[in-house]
Amino acid sequence: MQRANLSTVSEFVLVGLSDAPEVRFLLFVLFLIIYLATMASNTTILFAISTDAHLHNPMYFFLGNLSLLDILCPTITVLKMLEALLLENKVISFTGCMLQLFFLIDVVGTEIFLLAVMAYDRYVAICHPLQYVNIMSMRLCAHLAIGTWVVGFFNSLLHTSLVFTLFFCDSNEVDQYYCDIPPMLALSCSPTYNRELVILTVAGVLGSSAFVVTLVSYVYILLAILCMNSSESRHKAFSTCGSHLTVVCLFYGTTICTYVRPSSTYSPHQDRIVSMLYGILTPLLNPMIYSLRNKEVKCALRRVISQVRTAL
């Protein structure tokens, strides 16, 4: 009888940041600038990697995939937030909310595995440099990249189906600026314990597997660097791997704070800040970290800028 009286909602209201009218336009301008800067920087890196023959190797192939993910992630979330800030259109349909969550989890899951693959690539390059070309063939790189996208897709499909087969009633206000797992679970009027257990278990197994690969790879990398006799070689290895390790720490730190916890500890205000870190700032910082710490990328970007100036 209780189940029969439940009525599911047909749309949701994204409260998020748009509930502060006095600073709404300022927030719109700020996030629009960040979004455009993110698009420009990641698109430039993608263009440089695809057109510069010096960057046609496994490391930059995976970096190109990362830049693509950094374009998709804010596009999925920020565009709707900008619409809400400018036009005060906070409403999103049930299907739109479901698709937004699906694509967001898809991108996040894919990036987790891509970072593990990038760590393995650096492990082979530093610990087995003579065999690097044979091991990290473009065929293997393509298979690894496709594998990260496929696993991310099915992981997202599972999580989305678990969340959106719940009942939503009483309130349809999502206390976030986009549809995500924690606020949707907190909003549901169905029992969520079993589904939370499945979500945490699957995310824990997949996430910890990728994290272990990343961690073990960097342990071996660190040991190999410490054994190098040349200070120049050590500096070059630290510079290359330091960029990737910085990105890993930023990404894992923010995603763990958001997803690896029960919904009973959900804090809307805290989650807004954390979600901004991995959903908005991390995609902006990633290309800066790689371009500012990598001489090959900086040289490629200079060549791209020179080509553009010549064309203009």
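Residue numbering: from 1, along the chain as shown.
Glycine is treated like the rest: Cβ placed from N, Cα and C.
TrEMBL entries are annotated by machine, without manual review.
Feature list (source: TrEMBL):
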- 25-48: transmembrane segment (TRANSMEM)
- 41-290: domain 'G-protein coupled receptors family 1 profile' (DOMAIN)
- 60-79: transmembrane segment (TRANSMEM)
- 99-120: transmembrane segment (TRANSMEM)
- 140-168: transmembrane segment (TRANSMEM)
- 197-225: transmembrane segment (TRANSMEM)
- 237-261: transmembrane segment (TRANSMEM)
- 273-292: transmembrane segment (TRANSMEM)
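With a cut-off of 8 Å between Cβ atoms, the residues of this chain six or more beyond the transmembrane segment (25-48) that come close are 17, 55, 63-64, 67-68, 70-71, 74-75, 78-79, 81-82, 85-86, 280-281, 283-284, 286-288, 290-291, 297, 300-301, 303-304. Across 60-79, 140-168, 197-225, stretch 140-168 shows the highest tally of CB pairs under 8 A with the transmembrane segment (99-120). Within its own chain, the transmembrane segment (60-79) is flanked in space by residues 31, 34-35, 38-39, 42-43, 45-46, 49-50, 100, 103-104, 107-108, 110-111, 114-115, 117-118, 121, 138, 141, 144-145, 148, 177-178, 247, 275, 279-280, 282-284, 286-287, 290, 296-297, which lie at least six positions past its ends and keep a Cβ under 8 Å from the stretch.
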